[in-house]
């Protein structure tokens, strides 16, 4: 780095103060533009069906692919973050999202929408969202729980505004022009990415800035590949390549954590199963209301009600879960929220009156607030922050599989039976079973660890690979986060 660049670097602790709050504000907007965006797809469901003469199952593949890629592109995002930093990944994601929606406005078939709005926009949203969450984890330590909860209010804002804006633009301009405008709106992710300054440890070990030094792990892998390439023995060369491949998978997909960390294993399996039913009401609630005689504008308002209540409940959930009483017990709050989500779906089965659906949306939004505010905080509780990006990649790619197949399979069932009630039955089954699995499994794991401690049986590297109920926040000055350096020029 030049002398001018070195002079521009300021040794400080940006965690929990200063520019960290600007990063939080950018993350709020990012989550509204990315995670909040799929909430408006239900508004276009009927129009797309009529435009392309598609069934419920065929039409539901469009939002399913978008949401699945949004969550499942984690490994690619992890690679981008480690190699180029959070800022680059967020801005690239914004560009892809905008291009995807602009291209969608020219689609001539539903299958083309799968590629443009589904794959391209979904992948761009993934890059922006997950890189933003990773950057937020570096900028907040003591107030990380609250920061994650406040950032997730961006999703609530998205849930509130996207459906209302979508219905207005759809009535005024049609879905094609609306998608064109959406492309321009999503480009604002690039602005959010520009705010996220690269950060490095004061010792010189980079967290986000690859230009300050090459990653040691990547150097070792390249050295092994180089040695294998120059080896005269094909078997040795093949073995070296396998080793390098395994190291890459371990680095970006965190298979080692999944195999050794029981807490991460249980949580990942539980959330993956939960996602089979979690997205169903978001996709089918508006079509269900319209089919039962609710006016289109009022039907779109249902999703906005969910988002509006989330704006206020999510920060309260973050404050509550951040209390010392709940340190190490946030997984049980998360399981309780998932259970409430599942039970609330039975309200829709009793009646499709607009007033009943409003009550359903209120209860569902309260439960969703807990799920949204705690999802990534629980993940940060069960894995170390230096492996969070990799753990997040595996976590999201597994849940993306169930996010992809859940709505189309349920749509096929609705096509066969012509009964939308199966949407909410299916959703309740997956949510309730996932909540019970996670709650009882972590309880059993806790008891097992306690028995081992009481019998004085040593745990191998327990602090790293077991869910040991340890807080992520520093408890004293001796545990304060390491000093970092702002990089103001790259």
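Positions of Cβ are set from backbone N, Cα and C atoms, glycine also.
Checking the ranges 88-106, 145-163 against TrEMBL, the transmembrane segment annotation falls on 88-106. Among the ranges 215-235, 236-256, 299-319, the one that TrEMBL lists as transmembrane segment is 299-319. Looking at 205-238, 341-374, 375-408, the stretch flagged in TrEMBL as region 'Disordered' turns out to be 205-238.
Residue ranges 61-81, 460-480 are listed, and TrEMBL annotates 61-81 among them as transmembrane segment.
Contact check: the transmembrane segment (177-196) against the transmembrane segment (299-319) gives fewer than three Cβ pairs closer than 8 Å, residues 6 or more apart, which falls short of the contact criterion. Taking every recorded stretch in 21-45, 357-379, 391-410, 422-445 and counting its Cβ pairs under 8 Å to the transmembrane segment (266-287), the highest total belongs to 422-445.
In this chain, the transmembrane segment (299-319) lies close to the transmembrane segment (21-45): three or more C-beta pairs between them fall below 8 angstroms, excluding pairs fewer than 6 positions apart.
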